Amino acid sequence: MFIRSNRRAKIVATVGPASSSPAILRSLFLAGVDTFRLNFSHGSRDDHAAAYRHIRALEKELGTSIGILQDLQGPKIRIGVLHEGRLQLTKDAEIRFVCGTEPGRGLMDIPLPHREIFAAVKPGDDLLIDDGRVRVRALGVSDEFIDAKVIVAGPISNRKGVNLPGTVLDISPLTPKDRKDLEFGLELGVDWIALSFVQTARDMIEARSLVSDRAGLIAKIEKPSALDEIDDIVALSDAIMVARGDLGVEIPPEDVPGRQKELIRACRIAAKPVIVATQMLDSMVTSPTPTRAEASDVAGAIYDGADAVMLSAESATGAFPVETVEIMSRIIEKTEKHKFYRPILEATEPQIAHTPPHAVATAAADVALALKAPVIVAFTVSGTTASRISRARPPLPILALTPSEQTARQLGLMWGVVSLLSPTVDTYEQSVDRATQAAVQTGLAEKSDQIVVVTGFPFATAGSTNNLRVTQAG
């Protein structure tokens, strides 16, 4: 049995060429990874299937539950092939986007094989090329072309990405490739599906119709239009990822920190986990130590109340994947122990509508704190009871006992929660007995310690959080 209780916030790490071997995956997990991410923008299905098998073997070896997150590529918009493969755009130059894959007749004609863009763009709209390095503004639009003026100059080359801030495209959030990858991931048994480039709440409805309850659904927030519908998107999702890379291209960079705080708050109100992602320790792709700004960025996300922070290239292709996880874990631990951490967390606690389940969860945190209990034990089928207690951010571990293997794995994203597979209980007394035993078996409490036990009645009913008891461990 492996139990990690040295910190509350979680770590997500991306698997790639630098980290796909069984030995490195084991080292990453022991260094602090709680959930592994399979990025389907890169690598083959065989690569991802092999990583999946290695993680599940590690899970069995250590007697623990490890979450696996499948990140779908999404509908990436790209220009086509240029006349000479490369084009230098100068400020105020006029260019023409041509609908199709082939270059137009003129040297300044840029193929754009996405007819939905020509239907959506209006004069005055901006188009960003190559992650925002080049910016052009639409002057005139037809079904076959967009005439534009260069606002920010720079070079472009074949198949560079295009972003359209503020423009909602009439496209599915799932490409044909995504749909095949999705079915592949669900057949493997991934625990989370992350949906890229979510534009509206409708995108989540479409994805849910395919995923159902076979995995948790994560909305990646990287479009301004998603920010406009964030409450509905959170309601339709099981978790949120603050994907700051593309989001920082489509909105001004100075707006990203505030938006990050807003998204974390929205998820905390809804009692759903939120992951802060992108370039958190990016310099560690090539360096054994992070910059001080990167350390502050990780700490800032923890002070904001994020459930998890994520590594991308750092663990997938970097030279120091294990060291990166170790440093990230130490930053989280140090931040959570700082004298300002609790006051900041409590000062930013959102006001939640008073319902019996919320009242019981909040009371559990308050009672545990007053009694100096070492752990709160929660019985949960769907994970909802544990998530409600997690929302209260108690300064002690939450031991979630669940009969569901999927729930145990998914709780690897939830702040402060340690999950343990446990048989379904039939009576209230059985639940208390099991809680007291598990608290000691996991090392989270000692015999005779007072612990707080939270259950729901009727038993094995998802979402019923209505009972609290103080008892002795042992």
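Here, residue 1 is simply the first one shown, and the rest follow in order.
Glycine too: its Cβ is placed from the backbone N, Cα and C atoms.
If you check Swiss-Prot, you get these features:
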type	residues	note
BINDING	ARG37, GLY245, ASP246, THR278	substrate binding site
BINDING	ASN39, PHE40, SER41, HIS42, ARG78, LYS160	ATP binding site
BINDING	ASN39, SER41, ASP71	K(+) binding site
BINDING	GLU222, ASP246	Mg(2+) binding site
SITE	LYS220	site 'Transition state stabilizer'
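Features as recorded by Swiss-Prot, highlighted on the structure.
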residue	record	DSSP (3 states)
ASN39	ATP binding site	strand
ASP71	K(+) binding site	strand
ARG78	ATP binding site	strand
LYS160	ATP binding site	coil
LYS220	site 'Transition state stabilizer'	strand
ASP246	substrate binding site	helix
THR278	substrate binding site	coil
Looking only at C-alpha atoms, tell me how far SER41 (ATP binding site) is from GLU222 (Mg(2+) binding site), rounded to the nearest Å.
16
Environment of ASN39, SER41, ASP71, the listed K(+) site - residues of the same chain whose CB lies within 8 A of the CB centroid:
THR14, ARG37, LEU38, PHE40, HIS42, LEU72, GLN73, ALA194, SER196
In sequence order, which residues at least six apart in the same chain have a CB under 8 Å from the CB of PHE40 (ATP binding site)?
HIS48, GLN70, ASP71, LEU72, GLN73, ASP178, ASP181, GLY185
Which has the fewest other CB atoms in a 10 Å radius around its CB: ASP71, GLU222, ASP246, the listed binding-site residues?
ASP246
Write out the long-range same-chain contacts of GLY245 (substrate binding site), meaning residues 6 or more apart in sequence whose Cβ is under 8 Å from its Cβ.
ASP131, GLU222, ALA277, THR278, GLN279
Which of ASN39, SER41, THR278, the listed binding-site residues, has fewest other Cβ atoms within 10 Å:
SER41
Fill in the CA-CA distance, ASP246 (substrate binding site) to LYS160 (ATP binding site), as an integer in Å.
14
Go through ARG37, ARG78, the listed binding-site residues, and name the one with the sparsest Cβ surroundings, counting other Cβ atoms within 10 Å.
ARG78
Whole-number Å distance between the CA of ASN39 (ATP binding site) and the CA of LYS220 (site 'Transition state stabilizer')?
13
